[in-house]
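Engineer: Mind having a look at this structure? Questions to follow.
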Amino acid sequence: MSQPKKRKLESGGGGEGGEGTEEEDGAEREAALERPRRTKRERDQLYYECYSDVSVHEEMIADRVRTDAYRLGILRNWAALRGKTVLDVGAGTGILSIFCAQAGARRVYAVEASAIWQQAREVVRFNGLEDRVHVLPGPVETVELPEQVDAIVSEWMGYGLLHESMLSSVLHARTKWLKEGGLLLPASAELFIAPISDQMLEWRLGFWSQVKQHYGVDMSCLEGFATRCLMGHSEIVVQGLSGEDVLARPQRFAQLELSRAGLEQELEAGVGGRFRCSCYGSAPMHGFAIWFQVTFPGGESEKPLVLSTSPFHPATHWKQALLYLNEPVQVEQDTDVSGEITLLPSRDNPRRLRVLLRYKVGDQEEKTKDFAMED
């Protein structure tokens, strides 16, 4: 089960974001603090309910880059899966579990916490695999399996990789149910960052200066207002870019090995790192884009398979996560861009992604900005 791509998480309480300099931001935070915070059980229930709708699963399976990568990543590991047991964490409609059965798995435990488990069971039965794929309703943290498993498969990645914190469920399953030396599909993840010039945003910011030539009314005075509205917020914007929007060589700032002990604690404390790059040429810099890739082991004779959400690769439903500066900054060839980025769970809702960004562009003073995924 992946994140509800077109749905919003409920935060149920005060949140982070921004630099705290605008009066309206302060008023909004005060109002948020007055709202009662939801309990973990309530947050989880709302999260699971998002997956009871067919649209979420349609979007995920229709993403050919995603679904083909999982199918190939599983089938290429047929030698490790043949005659073995597999746990599918967050099985959704069951397609990954069926891929595992097609690869020769003896038994697949498809664990799904949302009501869509009923449709998963129907799909399994419709494909004649009910003797090998067992759909188990409930969160993986509470479901009991009859045995340890040889492999775990899961599509746990959210926007910006870590939105919705599903990786923690996979790690719980790894610790409790995976045999020593067992297979994880995918096995690792990497995070990247790069400065960007958003062409669509640039057009929108300049729109108000173009009104006069069309209608004879000068509205260029609204450019500053448009900039505050479109860039001055603290939301992580999920949007697809092209390679042309990237202003410098992407920098990897984090790598997660899912087999690594202690990864759960790292996620709670925050995943991140430093970065430094030089701009290719002259352009308005609007912010940063972050994206990820995950890697599947190659099997006995194949190279590892990489599923990338880079703007230089075919588009996926994950797109990229954009972090806008408060206003554009003009950069030139070889302008130095550096900083530090940390991804961590929000305080009010651990499933909601928060990003802390410290950055410096050229000779400008260092700045910081606190972002959060939209509720």
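Note: Cβ is positioned from N, Cα and C throughout, glycine not excepted.
Small disclaimer: the values here were computed from a predicted structure and weren't measured.
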Engineer: Say Swiss-Prot lists HIS57, ARG66, GLU112, GLU141 as binding S-adenosyl-L-methionine: which of GLY90, GLY158, GLY160 is in the same site, per that record?
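Structural biologist: Given HIS57, ARG66, GLU112, GLU141 bind S-adenosyl-L-methionine in Swiss-Prot, the matching entry from GLY90, GLY158, GLY160 is GLY90.
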Engineer: Do you know which of THR21, THR335 is annotated phosphothreonine by Swiss-Prot?
Structural biologist: THR21
Engineer: For which of ARG29, ARG132, ARG228, ARG260 does Swiss-Prot record the feature asymmetric dimethylarginine?
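Structural biologist: ARG29, according to Swiss-Prot.
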Engineer: Could you check Swiss-Prot and say which of ARG37, ARG43, ARG347 is marked as asymmetric dimethylarginine?
Structural biologist: ARG37
Engineer: Taking GLU112, GLU141, GLU155, GLU164 as the recorded positions to compare, which has the smallest set of other Cβ atoms within 10 Å?
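Structural biologist: Output over recorded positions GLU112, GLU141, GLU155, GLU164: least Cβ neighbours within 10 Å is GLU141.
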Engineer: Reduced to three states, what secondary structure does DSSP give GLU164 (active site)?
Structural biologist: coil
Engineer: Rank aside, I only need the closest one: which of the recorded positions GLY90, GLU112, GLU141, GLU164 has its C-alpha nearest to that of GLU155 (active site)?
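Structural biologist: Nearest in space to GLU155 (active site), counting only the recorded positions, is GLY90.
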Engineer: I need the CA-to-CA distance for GLY90 (S-adenosyl-L-methionine binding site) versus GLU164 (active site), whole Å please.
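Structural biologist: That comes out at 13 Å between the alpha carbons.
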Engineer: Can you grab the distance from GLU141 (S-adenosyl-L-methionine binding site) over to GLU164 (active site)? Cα atoms, rounded to a whole Å.
Structural biologist: 16
Engineer: Using DSSP, would you call GLU155 (active site) helix, strand or coil?
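Structural biologist: In three-state terms, GLU155 (active site) counts as coil.
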Engineer: Using the alpha carbons only, what distance in Å do you get between GLU112 (S-adenosyl-L-methionine binding site) and GLU164 (active site) once rounded?
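Structural biologist: One finds 16 Å between the Cα atoms of these residues.
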